[in-house]
Amino acid sequence: MEMEISVLAKKLWCVHKQLILLITPLVFLPLIFALPEKEGKCLYVVVLMAMFWCTEAMPLAVTAMLPVCLFPTLGILPSKMVCPQYFLETNFLFLSGLVMASSIEEWGLHRRIALKVLSIVGVKPAWLILGMMLTSSFLSMWLSNTATTAMMLPIASAILESLFGDLESLKQRSKSTEDSNTDIIHGTVTQSTICVIYTQWTYIGGTATLTGTAPNLILIGQLKSYFPDCDLINFGSWFAFAFPLMLLFLVLGWVWIAFLYGGLNTRLCFKKEDRRAQAEARAKAVIEEDYRKLGPINFAEGSIAFFFVLFAILLFTRDPKFVTGWSVFFKKGYVSDAVTGVIIVSILFFFPSQKPSLSWWFDPQASNTRYVPLLSWKKAQESVPWNIILLLGGGFAMAKACEESGLASWIGGHLQPLAEVPPAAAVMLITAFLACFTEFASNTATIIIFLPVIAELAIHVSINPLYFMIPATVGCSYAFMLPVSTPPNSIAFASGHLMVKDMVKTGFIMNILGVLSVSLAMNTWGMAMFNLNTYPDWAQPFNKSVVVGDEHVSSVQSLNATL
């Protein structure tokens with residue numbers, strides 16, 4: 001009997017995704033009839049998408065396209081309102097960041113940066129951890145988190161093997177050796193764990209820029225949908241807020257990881273004339289040799305570095321809010337971050353990768369080499385994760401439907417009891433909840449599901465919506481505890497030098513430190529930057545849904561038109 005149950009369980013697991021696809025629509029069908037017509041239908045679609053996203057019963061991008069067929073057929077939104085949500089200007093900003101990142105990867109500039117940082121900080125374990133964190137954080141501000149991890153992990157492995165030899169052999173020796181060197185061997189294995197754990201830091205670095213991770217773009221997109229008059233968040237203002245937060249969390253995280261694994265004790269931090277010093281010298285030689293193999297910086301790398309810096313400076317200074325930006329030279333409201341990004345990355349497709357030479361035109365003996373730009377469209381196509389762009393679009397479509405159908409207002413009304421919770425405590429609860437939820441689901445899917453609800457909660461308790469929405473967005477990137485939480489975690493775990501208990505033990509405290517850091521940021525410089533202690537005019541009932549006869553009207557302007 002037990003064998004039959006076991007066989008049945010295995011067979012059910014083999015088809016569990018198909019079963020979820022069949023059963024979920026039937027289980028939640030009563031939602032359509034339990035609420036007012038439009039709200040019920042919208043909630044039904046939202047719950048279906050949430051289930052499919054969390055269980056990955058279908059590919060995330062395919063689930064993201066469900067609004068195109070379900071919202072029009074269920075009478076929630078016409079297709080002419082749904083489809084444009086899939087390529088808003090936010091998507092163009094994201095696309096420009098991805099294209100810039102692909103050009104950096106194409107010419108290996110990211111590897112040069114990584115090796116240079118590591119050569120500066122040195123290879124003492126505690127400082128090596130800091131170097132890994134600094135490098136991966138900086139790169140993930142611009143590159144995808146997955147690409148950053150995939151690039152940094154081989155560098156870390158090479159350094160570790162130079163320090164400690166073959167890691168697999170050391171693991172075996174640590175189980176059998178009982179001599180005076182056992183503590184060194186155990187320390188060696190522990191250091192390999194530390195240097196793999198650093199890959200989690202890419203999600204922290206990604207929070208520092210709008211283009212660094214998808215939840216940040218979901219926030220800006222939904223702000224434009226819900227609160228069109230809110231212009232407080234752009235690349236510059238977000239960087240001014242989030243970069244200090246990233247640095248604070250980086251320092252706290254480094255102290256915790258280095259303390260947990262012994263990296264801050266005297267023997268590991270400071271040079272001693274023993275075998276460890278010799279191993280560190282070998283590791284430093286490996287870094288220097290890898291950097292030497294790159295050769296002097298060439299014209300293509302220099303050009304990419306120039307456009308990368310220009311890209312960042314122009315985005316940051318367009319309209320940083322705390323000073324006058326260069327956008328004042330153009331018609332107000334016409335030039336956005338998306339326009340800036342597309343202008344810069346468009347240049348990459350025709351700017352030469354070889355230094356132009358005037359003498360080439362007059363030298364008949366010169367080789368007629370083919371003109372190669374800094375970036376080809378083929379490379380851009382291969383590097384851009386188009387599924388994430390669809391996922392962003394699905395999130396914007398869902399948010400639009402929640403707004404237009406009145407579902408967001410309906411949910412917000414039922415969250416009124418939370419008004420009794422002090423706002424500062426609510427920020428911590430929201431950040432902690434989403435940090436836990438995103439351990440089991442895509443961070444993009446998580447913020448898509450919860451951000452509309454959080455916005456309506458803020459309105460119903462008369463709190464500046466940014467006070468709740470910003471920490472919710474950042475909290476979705478704090479996924480440190482499980483291999484399945486994020487692709488970087490999965491890549492680190494697949495290396496074979498990391499156990500689940502290591503990630504949970506380290507990541508649990510990292511989550512706590514992250515929640516505390518966000519709370520501190522929101523109640524100090526965030527409060528001053530975004531004027532969070534007042535309820536803004538742009539959050540007035542512009543986004544609220546009211547009913548006129550049988551029709552839902554989603555804004556004051558629409559209501560006036562109807563009357």
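Note: Cβ is positioned from N, Cα and C throughout, glycine not excepted.
No curator has checked TrEMBL annotations; they are predicted automatically.
These features come from TrEMBL:
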{"type": "TRANSMEM", "residues": "15-35", "note": "transmembrane segment"}
{"type": "TRANSMEM", "residues": "42-66", "note": "transmembrane segment"}
{"type": "TRANSMEM", "residues": "125-143", "note": "transmembrane segment"}
{"type": "TRANSMEM", "residues": "149-167", "note": "transmembrane segment"}
{"type": "TRANSMEM", "residues": "232-257", "note": "transmembrane segment"}
{"type": "TRANSMEM", "residues": "299-317", "note": "transmembrane segment"}
{"type": "TRANSMEM", "residues": "329-351", "note": "transmembrane segment"}
{"type": "TRANSMEM", "residues": "425-454", "note": "transmembrane segment"}
{"type": "TRANSMEM", "residues": "466-486", "note": "transmembrane segment"}
{"type": "TRANSMEM", "residues": "506-525", "note": "transmembrane segment"}
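Within the chain, the transmembrane segment (299-317) has long-range Cβ neighbours (under 8 A, six or more residues past its boundaries) at 100, 103-104, 107-109, 112, 142, 235-236, 239, 325-326, 337, 340-341, 344-345, 347-348, 351, 353-355, 374.
With a cut-off of 8 Å on Cβ pairs spaced 6 or more residues apart, the transmembrane segment (466-486) and the transmembrane segment (232-257) reach 3 or more such pairs and are scored as touching.
At the 8 Å Cβ cutoff, the transmembrane segment (425-454) and the transmembrane segment (506-525) share at least 3 close pairs (sequence separation 6 or more) and count as touching. Long-range Cβ contacts of the transmembrane segment (232-257) within its own chain (Cβ-Cβ under 8 Å, at least 6 residues beyond either end) map to 93, 129-130, 133-134, 137, 194, 197-198, 201, 204-205, 207-211, 216, 219-220, 223, 263-264, 315-322, 325, 336-337, 466, 470, 474, 506, 509-510, 513-514, 517-518, 520-521, 525-526, 529-530.
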